[in-house]
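Written out below as C-alpha cells is the structure these notes cover.
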C-alpha cells in the first residue's frame, strides 16, 4: 500500500502526522508482534512510530528550506516494513511551507549612477530580493519611497521571478540635486506579510548619456545537458549609441557577494565579445535551469551599464542508469516451495525525469520465478513453478532494469538463491575408463594418476572417499602394487614395477559419498608401465663363457667381402632401448676385418697376407638407450690353408657402401616405428573393450 500525509514545517517534534494503524487497516496491538519498522529513503531520520498508538510522529523539527531548497514541492519518502507475513508499505509526507522567512536584499545599500541627460523612461535595474519561502509566501511585490523624479517598475522573468527597476519619470538636473536617496521595500504574500528594505542612493552624473542596451533584455535558451565543455550558449546582442570609449562595452557576470550565482561555476563570459560558453559539464539532475545576469558596461566617464538576463533550461538526456535495491532476500528456499512464495523484495529508481526515469524490471523467462509489481517502483520476486534441486542446486537470478529513454539504459543485479538438498545422487567419475603411464623402477610412493569424481549433492552428501577394489583380475592382489589417497583420489605405487614382468595393470577404483545411505560408483584405470633402459644387450651367438674367446678359422686366401661370422644379440628392453649396434673396439694395429653396424656381420675388409698370424677382435654390442648399455665378445680369427670356404661368403657381391648402410638404417627405424604404433593401438583398443 502507499500512504500520503502532509505536515507544516513549523510543527513541534512529537506531533502526530498520521494514523498508520487505521490507514493500513491493521490492529494496533499487532504492530509490535509484526515488528513494524520505519526505513527512511534519504538516510536521515525525521519520523518515528508510536507502536502503542499506531501513529506516525515527528522525530525533529522540519525546515522545508533546508530539506528541499527552492523546489516547488517538498516530499519525504518512507518505507514501512512488517513481518509475518512480510509486507512493504510506502509513505509519502509533504512538508508544507509556512511564512517563516522575511525578504532580504543581497546588499543593504544600493548605489546607482545616472547621467543628467538621461531621458524620461530610463530604467535602472535593481537587485532582486531573496525569500527562501515558496508559493504565496515568496516575494509578492516591491514598493519604492515617493519621489517626483523616479518610480518603480516591476518585470516578470521567465521563471516567474519579479524584477524591480527604477524608472526615470522626470528629467534630472545635477546642478539642483546631485544625489537622490530612496527606500526600496520587498513584500511577500504571506499572512502576516513580511518585508525587507534596502537604501537606494542614485548619483546624477554628467557626459556619457547612452547606456548599453541588451536586445532582448530577457531571453531563454534550451541546452542539452551532455554538450561538450566550451559549447557556445549564446552571443549577447548589446548596442550602445555612443561612440569611442563611451560605446565600447565590456561584459561581466552580475552576482551578489552574499549569494554568488551558481551559474558562474559552469558558464564563462568573454568580456569583449559577450559570448557565453560552458566551462564545466552540465547535469540536469543537479540543476535543470540557470538564471544568468550579465552587466554590460561602457568605458565612458562616467561609465554606463545595461543588464541582460538569460535563462538556460537544460534538456534531460538519458545519462543515468536505473538503480536496483534488494530490500529483502529469503535464501535458501525449500525445493517443495509452493508457487507464489515470496523470495525477495526489490526496489528500483532512476534519477532521470520523464520517460528517461520510467523503469521496467525483468528476469530471464526460463527461470521458475516471476516479478509481481507491489506498487510504484517496488516489486516482489515469487516462485512461478516447481523447484528441483537435482536439476539446479541454486539459481543465479539476474534482475535487469531498463528505462524508457532513447537510447535505453539498463542495469542488472545478480544474486544467488540456494535450494535445499537430499542425498539422491551417486558420485560419478569424469570417465569410467582412464589411462595412466608410469616409468618402470620408479620409487615406491610415486604418483601415477589422479581420478576425479563429482557429486551434485552438497554437504556431507557430496563428501567423497576413494578406495581400490581387489577384483581378482591380477595374479597378485592389486593392492600390493598400488594404493590410493582416499581424500583426493591420487594413485601411488607401493613397490617398484618391472616392465619386463608386467606391462599393464587394471586398477579398479571405487568412490563413495558420506550420505545416508551411502552411494558409490566405480572406474577402471589402465596403468601402462613405460620401459627403461635397465637391461644390457645379451650376445646369443657366438655363445662363449665369460672371459673366454670364440675361435673362428677362415681360408688364408679369403678375399675382401668374405663373411667370417655373424654376431647375434638381443635386448630384453623395448623400443629405442632395444636398438642394437655393433662395432670393433679400437686397437693399436689396423685389422683386415670390418663389422656391419646394424647386422653384426664380420667380413674381410682387405686381402690377407700369406702366413698371417691369428687376429683377435673385440666386438662391442651397444643399445640405443640413455644411458647406453653394452656387451662384448672376443673372437680369434685364424687364417688356414686347408680351411673350407664358407658357402655364405659373398665374393660376387660388391662391398657394402655407406649409402647401402644408411638405407638399411632407415628401413630398420621405419619397421620399429610401425611396430610400436601398432602395439600402442592394440593396447588402447583392448583397454577400451575391457
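Using the three backbone atoms N, Cα and C, a Cβ is placed for every residue, glycine included.
Given the ranges 638-662, 663-687, the record in TrEMBL names 663-687 as transmembrane segment. Among the listed stretches 6-105, 106-214, 546-656, the one sharing the most Cβ pairs under 8 Å with the domain 'Cadherin' (325-429) is 6-105.
Assigned with DSSP, the residues of the domain 'Cadherin' (106-214) fall into helix, strand and coil as follows: 3 helix, 54 strand, 52 coil. As a summary of secondary structure, the domain 'Cadherin' (6-105) carries 14 helix, 38 strand, 48 coil according to DSSP. In the predicted model, residues of the domain 'Cadherin' (546-656) average a pLDDT of 78. Assigned with DSSP, the residues of the domain 'Cadherin' (215-324) fall into helix, strand and coil as follows: 8 helix, 48 strand, 54 coil.
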